[in-house]
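One structure below.
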Amino acid sequence: MLLLVGSGVFARNIAAVVGGADRATWLSSTVAIETAVLGPPISQAADYWGRKWFIVVSATFGFIGCLVIARGETMGMVIGGEILAAMSLGSQPLLYAVASEILPRRWRPEAQAGLNVALGFGAIFTLLAGLKFVDDSPDGFRTFFYIATGLNGVAAVICVALYNPPLRILQKSLKFREKMAKLDWIGYVLLASGIVLFIVALQWSQNPYSWTDAHILGPFILGCVFQIAFVVYQWKFKHDGMLHHDLFKKDRNFAISMFDLFVEGLVFYAVNNYYVFEMSVLYDTDTYIPGVRFVVIFVVSMISSAAVALYVSTTKKLRIPSVVAFTLYVIFNVLMATAKLSSGKSMWGYSVILGIGFGIVLTTFITAAQLSAPPQLIAITSGLLISIRSLGAAVGLALFTFLLPCSITVNLPKEIATAVLPLGLTPKDLGTFIGALSSNNQTALAMVPGVTPQIIGAGVNGLQQAYLMSFRYVWVAAGAFSVVAGIAAVFLVNPKKEMNMHVDAPLDED
């Protein structure tokens, strides 16, 4: 969670120190892409070689990657560190699988809630400690990633020393060649190629290439072809691959959970990358307060996650809280899209609304999908869920990265001109004024001919109005997806029979 939240929240701080602001969104995109690509193959392989060493090796990559980020001197080096560190998230689905399979099925909501609470603590530490570091010094992000380096190392050591589960049946019964033959190699290639090419095309759209440029059309078309080929291959030719057909036989919960977690990932990345940004531009002069606003979301999500886990395990009903969660997502996005410059205090309440929804979604949908899947497929189930969530995040980030700059390019000169030209600033000096104001260059502002404190104040108001209008596109898009996800959640099946005291993978061999 430190890497996931930190990559989005600190992207602008990192770019301010090492340069390469035009590539800063790749810090988050790298995390999302690698999680989406690595989750399914690692999850499937863990059924044949066990969970332990995949978790240990992944944490080791996190250790190395975070160290590279902390010592990065260029944006390329930092992105390279992100690539290494993001490999640690490839084993993230195994944490959800292990937590579920070692407990009775009826307690699976509590298992997911426990993980969500742990993730919440990680996010809170990232925001409170990390933002304090960058508030004290431009290089403060380095201190944060040094701490992340140490925590990844500690996690690897703890797993080596304390996590010693019995060998799984397939781990003992199959030979190495048989295990290798069981893996879905064609599926891995098609999935990875399709996701990477598709996201690269979306990420490059208008930054720096137009949609008619070969740099966009080539990867986009090839990415779509690979993804279509992946679906056809899994549907017609590989019944026991990543998308094992038994995952869809029991009921519709797995398919619905896949779609809704795709949307959840999209919405989460909208919040992770733009919520603090919007608060700092429009409402808070203190750079630390936007992080505190974000902390409220995670604190509330920890409480709501625990509460909904108790509700689900008691009533054995998932549908109602799932629909409520996406209803809250819609409400939050509508409120953000209709916010005004005077809505600063109201934003604290908006954080509470979103936090309740966040806490519910991962708890209910992962539980629903896992109970819908055969016990022997729980790892790949978790891998696909986290992968599709990360794919939603990557698609959402690329979409929002396109929407926000395009809107700002249109609205910024218009709103600032409307605010300052009537006060006496000449049109020929408008471009210089906008550039100085946008970069917060006080020296350059003072050198603009005819500028006055009144003109600067009006310009700031125009700038904020332009950003407010531009951020709306992000929240409208996220809200539209949330509406569809909420409708899909209505069709979930309550897994009453499956929520029993059976343990799928007890920690002892007896």
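Cβ coordinates are placed from backbone N, Cα and C, and glycine is handled just like the others.
Copied over from TrEMBL, here are the features:
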- 1-497: domain 'Major facilitator superfamily (MFS) profile' (DOMAIN)
- 53-70: transmembrane segment (TRANSMEM)
- 113-131: transmembrane segment (TRANSMEM)
- 143-164: transmembrane segment (TRANSMEM)
- 185-204: transmembrane segment (TRANSMEM)
- 216-233: transmembrane segment (TRANSMEM)
- 254-271: transmembrane segment (TRANSMEM)
- 291-311: transmembrane segment (TRANSMEM)
- 323-341: transmembrane segment (TRANSMEM)
- 347-371: transmembrane segment (TRANSMEM)
- 383-404: transmembrane segment (TRANSMEM)
- 473-493: transmembrane segment (TRANSMEM)
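Only sequence-distant pairs (6 or more apart) were considered; of these, at least three Cβ pairs between the transmembrane segment (53-70) and the transmembrane segment (143-164) are under 8 A, so the stretches are in contact.
Sequence-distant neighbours of the transmembrane segment (216-233) (same chain, 6+ residues past either end, Cβ-Cβ under 8 Å): 186-187, 190-191, 193-202, 204-205, 209-210, 241. Note: the stretches the transmembrane segment (323-341) and the transmembrane segment (473-493) are in contact (3+ CB pairs below 8 A, sequence gap of 6 or more).
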